[in-house]
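Here is the structure we will look at.
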Amino acid sequence: MRAPAGSLGRLDGLDLLRGVACVAVVFGHLMAWFAIERQDWWLSQAADTALGRPLHLNPQLAFIGVGSFFLITGVVITASAFREKPGQFLFRRVSRLVPLLWAVTVLAWIMINLGQRITPRLDQRLDVVDLLIGMVLGNFFQVPQVAFVGVTWTLVIQIVFYVWVTVTIPVLRRRPWIAPALAAAVCFVGILGSVAARGNPSVDVRVWAHHAGIWAAYIPLLVIGQIVALAYLGRIHRYTAVALGAVHFLLWVWVDRISGFTFQGDALPRTVMIMLLVLLVLMRVRGPVSSSRFVRAFAARTYAIYLVHVGCLYPVMDALVPRIGVELAVLTGLITVGVVAEILHRFVEMPADRWLRARRRKRPAEPAAAERAKEPTPA
């Protein structure tokens, strides 16, 4: 598998996979509402009958969405790492996350203080300091944690990976295979150290070691996506890609057997393997469905949907299920998710992206040689 002219190009299949992943995440959290309320719903049973049981997946198809997003992230940012300077690469990645994160965090803070449940549990009232901490994802490092936008734990993993790629860009450009190999070693040490620190008498040491262990546990999934991109770009030999990918997948299997790092179910390795195969197939897809305007538009809004769906669904379900029944409440909740996501996409995400792009265009053009990555020897 090799991309023309050393570029990923337009991968319409990844837009399709983004859409599938987004639907899976929304479905999982919708089914979680029923689990919290100790209710059954026919759609959850149908999904388990059609997919969950035959493929031996987790209940509620857990981790299909998040696992796919991790793999996709690893793929799509790899080409950028060959085009951009390290500081430029990190700034562009983080700056795309921040505007929408800030807007949704403020909305979540308001809703929590109004007594709305926007996470599986009802949080206490929060002050302005809590808001500021949440806007930089510092709430995940508090003891006890403040959920705010619960799904943003994955953004912490992504940012850690962005930092890792930034640091390893010089190596990635010269000997691409070394970067994922080094990541495997660092993740192995991180997981091992985190497990060893569980008996440490210092609470701070245990807490920070646990955070490091979680980062090291999930980073292999993003690295697998990076390896796929490196092979697709022709930067590493496909046999090297298989070997490196196997190492990171075995790390993931090991993590799954160690308690305390993952929480989505017992079928995580199988789920990741299936979604990796789907990813490899969809990267080759060029068709009317994957390239349709609807798929592209939906894929462009998946980040907004991802951030707002729980905060929209849970209050609507809490308020309407006792009054109008499950089906109409679910439909109303999904419409609310779509409307709020569309507003945030149009009036926060897109304007922020245009402003950042305009600022980049105002800077003096850099010589072409500085932008072009040094062609490495395939491993």
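Just so you know, glycine gets a Cβ as well, placed from its N, Cα and C.
If you check TrEMBL, you get these features:
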DOMAIN    12-337  domain 'Acyltransferase 3'
TRANSMEM  16-36  transmembrane segment
TRANSMEM  61-82  transmembrane segment
TRANSMEM  94-112  transmembrane segment
TRANSMEM  145-165  transmembrane segment
TRANSMEM  177-196  transmembrane segment
TRANSMEM  208-232  transmembrane segment
TRANSMEM  239-255  transmembrane segment
TRANSMEM  267-285  transmembrane segment
TRANSMEM  297-316  transmembrane segment
TRANSMEM  328-348  transmembrane segment
Worksheet item: Does the transmembrane segment (94-112) come near the transmembrane segment (267-285), with 3+ Cβ pairs under 8 Å (pairs 6 or more apart)?
Response: no
Practice prompt. Within the domain 'Acyltransferase 3' (12-337) only, compute the mean pLDDT.
Written response: 93
Worksheet item: Does the chain bring the transmembrane segment (177-196) near the transmembrane segment (208-232), so that three or more CB pairs sit under 8 Å (pairs 6 or more apart in sequence)?
Response: yes
Response to the item:
Most Cβ pairs under 8 Å to the transmembrane segment (16-36), of 208-232, 267-285, 297-316, 328-348, goes to 297-316
Discussion item. Against the transmembrane segment (267-285), which of these stretches has the most C-beta pairs under 8 Å: 208-232, 297-316, 328-348?
Written reply: 208-232
